[in-house]
């Protein structure tokens with residue numbers, strides 16, 4: 001168990017160190033890019049200033065050369081007889097002088113280019129050394145502050161964890177309240193429906209009771225009417241029988257009131 005814990009802790013430290021080293025390398029690369037851009041801009045501005053100075057010096061040199069040629073050009077020479085001498089020697093001297101000046105100018109331009117190349121090499125070497133020095137200083141500073149950076153990272157991780165836990169608890173509490181509110185709403189709805197059904201059931205029971213009472217009343221009325229009809233029939237039957245008896249009595253009474261017939265036999269002689 002101890003070995004596994006030490007291995008996991010070493011792996012976590014190694015992963016953290018690798019992450020820090022990657023971050024440091026990215027920051028160093030970004031700082032190097034910015035430094036290169038700044039130096040390239042400064043070199044470009046210096047070159048532009050040199051070109052402007054060279055162009056001004058060239059224009060000044062050409063102007064001064066023309067002035068010198070005008071001042072150095074000898075007057076037209078004549079012989080003892082007043083004839084103009086040939087200008088070939090003067091032209092040759094002028095061409096020779098121009099060639100010498102051109103050589104001097106070319107040498108000057110070569111020296112300027114050589115100086116620019118040397119300055120550029122010096123600037124590049126200086127920039128490289130400065131960059132290496134800055135990277136070394138940054139590496140040393142990061143190495144010195146490694147423990148502090150790790151503690152800060154752990155602190156921020158713990159703080160982010162606490163914030164996430166708090167947000168999660170708040171979200172769970174909101175969900176719980178929402179579920180309770182929904183459950184209460186469902187219970188209220190079910191209670192309302194139940195009360196409505198009970199009300200409907202009571203109303204139906206009342207209607208059924210009223211209908212049953214009315215039906216019982218109707219049945220009693222029908223029974224009473226049937227009893228009355230039966231009594232009426234019995235009464236009519238009794239009256240009919242009574243009348244029939246009276247009629248029979250009358251018929252029988254009439255028979256009794258007739259003269260009696262005598263059926264006597266005479267004596268034979």
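Including glycine, each Cβ sits where the backbone N, Cα and C put it.
Taken from Swiss-Prot, the feature compositional bias 'Basic residues' applies to 1-57.
Among the features that Swiss-Prot reports, compositional bias 'Basic and acidic residues' is placed at 64-80 (among others).
For 89-109 (among others), the entry in Swiss-Prot reads compositional bias 'Basic and acidic residues'.
For 233-249 (among others), the entry in Swiss-Prot reads compositional bias 'Basic and acidic residues'.
Sequence annotations record features per position, and here Swiss-Prot assigns region 'Disordered' to 1-109 (among others).
Under the heading region 'Necessary and sufficient for RNA binding', Swiss-Prot lists 1-70.
For 71-269, the entry in Swiss-Prot reads region 'Necessary and sufficient for transcriptional regulation', with the evidence type similarity to another entry. Each residue in the region 'Necessary and sufficient for transcriptional regulation' (71-269) has a pLDDT score, and their mean in this model is 83.
Annotation comment: Swiss-Prot describes 233-269 (among others) as region 'Disordered'.
Residues in the compositional bias 'Basic and acidic residues' (89-109) partition by DSSP class (helix H, G, I; strand E, B; coil) as 21 helix, 0 strand, 0 coil.
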